[in-house]
Every structure is written in structure tokens, then in C-alpha cells.
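Novice: This is the structure, below, for whatever I ask next.
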Amino acid sequence: MASQLTDAFARKFYYLRLSITDVCNFRCTYCLPDGYKPGGVTNNGFLTVDEIRRVTRAFASLGTEKVRLTGGEPSLRRDFTDIIAAVGENDAIRQIAVTTNGYRLARDAASWREAGLTGVNVSVDSLDARQFHAITGQDKFRQVMAGIDAAFDAGFEKVKVNTVLMRDVNHHQLDTFLAWIQPRPIQLRFIELMETGEGSDLFRKHHISGQVLRDELIKRGWIHQLRQRSDGPAQVFCHPDYAGEIGLIMPYEKDFCATCNRLRVSSVGKLHLCLFGDGGVSLRDLLQDDAQQYALEERISDALREKKQTHFLHQSNTGITQNLSYIGG
């Protein structure tokens, strides 16, 4: 096995976010308000199952323990179950998760679990069906809620729910969310609205710091939990009276990048060192044959030397990320 992926700032990388499509059938106001518009995909299309098998094998050899499949909406891939199984061929990868809008979860949760999926994140920005429709452009609230129930029925012990925190939209609904997770083992993760190239106006209108919620949680007796090395960026809080947990993802907080442990590969095979970085390193030419694995590992390791210490969101520099479906959020 090659050495553990480590950058110039001694950060170790155990977590790969792998986008498998940039297509999405929802029109969320903060991501794709005008719906999906083709244009970012080359003639080669999205990564094939074999290419996904090779890239995850290389990352596993370099110390990756967790792979999250993202999009777009990953379940729009007809071969999604095969993709899960391909990633699971790597014994070193202990966790395989998906971030989904949940519209196919009720139908497919059991088959995904059987294929090897170990974790599910579902995007739910409101518990009010009408507001959910307004945010997502889809009248699918009850279908998504049924999907979360189906995930538990399929054997997932915990479901993570992602909620983008937006001023005057849902920031005042903490009590409603807390009542929902009190009897349920759901980790509800409030994610600060992030500025993207296409979303500057929305950001200025609706951004609110997660610190407001953190202060309120601490006041109510919620306790900050220790972070594991392959965990995502959320600060997680628990409370003895609740089956669920609260996570806060606050990319504008000081030192947010100090604990970065994740890298990204786009749906067309580009390595991105940061969600809000520039450019990207193409890996695709080294995903065509198993014999290329050593060269692939070398290219990944070499690219990591260029990873910056921090993003530049505070300067409104969003890099190449025009919207969050482009690389995989």
C-alpha cells in the first residue's frame, strides 16, 4: 500500500467525495434554480463503473476509508447499484455513503443497502410540504419522508439529513426540526449557505451564520461531540433527551479548513482539491486499464502538493464552482 495521502500542511485525507453525475431532477433555489442545463460533460460522458472501480481502488490504496457518492442526484444513474458494489470491492473502504434528494429512496433503499451502502444523507430544507415544494421545485415532500422511513426499515441505523440554513426561510424553525428528531436517530445537519458563482445574490439575501444556532443549542444543553478522522466537516451535538443529533457545517468559521480530510473527484474524472478551488487535475486518461494504477496513484499524490491551506470564500472567491451540482457539493 502506498503512503497515506498527506498535504503540505500535515492534513491527512481519509475521505473521497465522488460525483457520478451532475444531473439533478430538483430545482433547489440555492443550487439549480433554473433546473439542470447540460453543458459541463465531455463527449466521454460520466465515469463508467469500471472507471469508478479503478479510481476508488487507487484512493483506497492511498489510505481512503470513506467514499461518498454525490451528484447532481446519484440515483438518476441506472447503474447506481452496480457503482455501490464496485466501490465496495475495496476492503480498505469501510464506509460507502450517498447524498441524495431522496425521491427514489423509498423504492431503492433496501437494494442499495444490499449492494453495500452504509450511509444515507437526504436533503430536506423544510418540514413544511409547501415550503419544501417552493425550495426544491418538486412536490415530493411526502415521498422523501417515506424514503427516510424506508432507509430505517432497510437497516440503516442512522440517517443524516442535510438542511441548508437560510435567513427568513428556515433559520427560525429550530423547534420544529428538534421535535422531529427527538424520537428518531437522525443526524440533522444545518449547512451554512455558501456563495457560488451563480448564487451571489441569493447568498447576500439569505446567508446567516450557524453560530446563531450553535449558541442556542449550547444554551439548551446540547453537548459537542469529538470528531472521528473520516468524519465530514460537521460539528456534532447530542442531548440526553433526544434520539437524534444536530450537526453544524460552517465553512465561513475561522479555521474551518484546518481539519480538512476530504478530496473530490468530479463526474468526468477530475480531481478537485477543494470545492471552491480553481481548475482540477484530470485523472481520466489513467482510468482506462488496471495496469495504470501506480501512475494514477502518483498523479493523485503529486496533485495534493498544490492544495491550499484554506478556501477564499471570505473574499467571495468561489473558484470554478458555479453551482453545487458542478463538482458535488
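Even glycines carry a Cβ here, placed using N, Cα and C.
Keep in mind it's a predicted model, so treat the numbers as computed, not measured.
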Novice: Can you find which of Thr99, Thr100, Thr118, Thr196 Swiss-Prot lists as binding GTP at the same site as Arg17, Arg68, Lys160, Arg262, Leu263, Arg264?
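Specialist: Record source Swiss-Prot; matching candidate: Thr99.
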Novice: If you average per-residue pLDDT over the domain 'Radical SAM core' (8-234), what number do you get?
Specialist: 94
Novice: Using a 10 Å cut-off, grab the number of neighbouring Cβ atoms around the Cβ of Arg68 (GTP binding site), all chains included.
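Specialist: Result for Arg68 (GTP binding site): 22 other Cβ atoms within 10 Å.
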